[in-house]
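> Take a look at the following structure, please.
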Amino acid sequence: MSDAVSDASNSQIRRLADWDASRLRDLADDHGTPLYVLDRERVRQNYARLEAAFPDAEVLYAAKANALGDVLETVLEAGGGIECASAGELRRALAAGATGDQVHYTAVNPPAADLDIAVEAAAEQPRMTITAGAEDTIDRLAERGYDGRLCLRVNPGIGAGHHEKVRTGADAKFGVPAERAVETVLEAAERGFDVVGIHAHVGSGVSSDDLEAHREFVSRMGDLARNVNEALEPAATDSSTAESAVSKGLEFVDVGGGFGVPYRETDAPLDLEAVATATRDALGPLDARLTIEPGRYLVADAGVLLTRVNTVKPAPETTVVGVDAGMTTLLRPAMYGSYHPICNLASDVDDRSTLEQTVTGPICESADVFCTDRRLPESARGDLLAIGNAGAYGYEMASTYNSRPRPASVVFEADGSSRIARRRETLDDVVRLERSGEERQTQSAETAGSPEVRR
Ligand SMILES: Cc1ncc(COP(=O)(O)O)c(C=O)c1O
Ligand SMILES: N[C@@H](CCCC[NH3+])C(=O)O
């Protein structure tokens, strides 16, 4: 890890070792651990690289990767829009200053309250797009009086991604089967919806090895878009139905996100140019804009998680290093077996010998492990460890399991300034929503006194 400020090059690879160790040590001293740190400039760089590779595409950042207001504002400032997977994300996007034309609401199996909020937001922001992934979601929108901009999420029948749990493209939960897409779009248009796009997402953490699957997927989307446009066309040109809402072709084809990043030190970066070229070629001739929805690519290497060593325990086959972050702070290793780089930030680390260590958290689950038998410089109590590539699906998947408060998040800027972007939860926060002990006692005393209970 460098002790000099990194040159923040615009390279596609930014390893954990490129972070400025002394700056991270200062942040941990100032704000405590566990601590998420986000480098805003790196989000800008990642956005710029993506924009350069896809100059004609609309970029919608998938807020689920990291919905921190600072991240959303950075993307909006850079010219992107926001893809929201819930009413909460929608609220955050609007609070960050997104206007309707910069927002797509794409919830899967949306709860009623979500739809109420999305329809309300769309009434105020008529350029907002709502994406439906089931025919009856369209009914539910119509029941709420919505007939605005609609995009249909399609299940393309092709999945890809770093783990089976994140491959959505062939999972029946996501999207209307491709073979029903044309009729669903037509019906929606005939009901008065302004059908503006079709959408699909194959999965998350797609690598250069998945290029063929990506090409096939985009080619299916291109064919589908042409079929949809053809089906919409007669009504658009037939003067007897000129009043019909079916009046134009698709505005955009949204091929989702999924662009992977290197996690292991030896992983090669995604060949973004190759993906962009394959996307353009596979889509074919189309009078509609390409839309992409990257999440991880924009934020993964912009974030690290800082955690302190609580305990070092020699065990027969490994040394167990207990840290103050756990699966409740960063779930990915426990959930997907994901690899995250780990670096000891102690200033004398170069003088230490290395040995195999298992880094674990404080949660009562055997899955609460960040790495098993990994060769790292010998750890000592009080050491500060950095866990890399924690900017995507890190804090967003954190929980308060075991009644552990969630960590704070700090954002730093290229000029060296930093600020708390989200404060650390306290134990009071963790119990805040529950009846207090006093309320419980009062209520049970009242119940005990009631004649029905005495009988
Ligand atoms: C609909 C949709 N769009 C975009 C994304 C972003 O994916 P990623 O973070 O892999 O780019 C996801 C997550 O997998 C998604 O479900
Ligand atoms: N949470 C997953 C990505 C899933 C994206 C949502 N569809 C991960 O950490 O890799």
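Glycine is treated like the rest: Cβ placed from N, Cα and C.
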> For the substrate site that TrEMBL gives with Arg332, Tyr336, Glu365, Tyr393, which of Arg296, Arg423, Arg424 also belongs there?
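Within the candidate list, TrEMBL flags Arg296.
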> Which of these, Gly249, Gly258, Gly337, does TrEMBL say binds pyridoxal 5'-phosphate at the same site as Glu293, Pro294, Gly295, Arg296, Tyr393?
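TrEMBL lists Glu293, Pro294, Gly295, Arg296, Tyr393 binding pyridoxal 5'-phosphate, and from Gly249, Gly258, Gly337 it also lists Gly258.
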> Where ligand 2 binds, which of the binding-site residues Gly258, Glu293, Arg296 are close by, with Cβ under 6 Å?
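From Gly258, Glu293, Arg296, counting a Cβ under 6 Å from ligand 2 as near, there are none.
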> Take the compositional bias 'Basic and acidic residues' (431-441) and count its residues per DSSP category (helix H/G/I, strand E/B, coil), listing them in that order.
6 helix, 0 strand, 5 coil
> Would you give the longest CA-CA distance, in whole angstrom, between residues of Arg296, Arg332, Tyr336, Glu365, Tyr393, the set recorded as binding substrate?
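Across Arg296, Arg332, Tyr336, Glu365, Tyr393, the widest Cα separation comes out at 27 Å.
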> When neighbour density is defined as the number of other C-beta atoms within 10 angstroms of a residue's C-beta, which of the binding-site residues Glu293, Glu365 has the lowest density?
Glu365
> At the level of the C-alpha atoms, what whole-angstrom distance separates Arg332 (substrate binding site) and Lys64 (N6-(pyridoxal phosphate)lysine)?
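One finds 14 Å between the Cα atoms of these residues.
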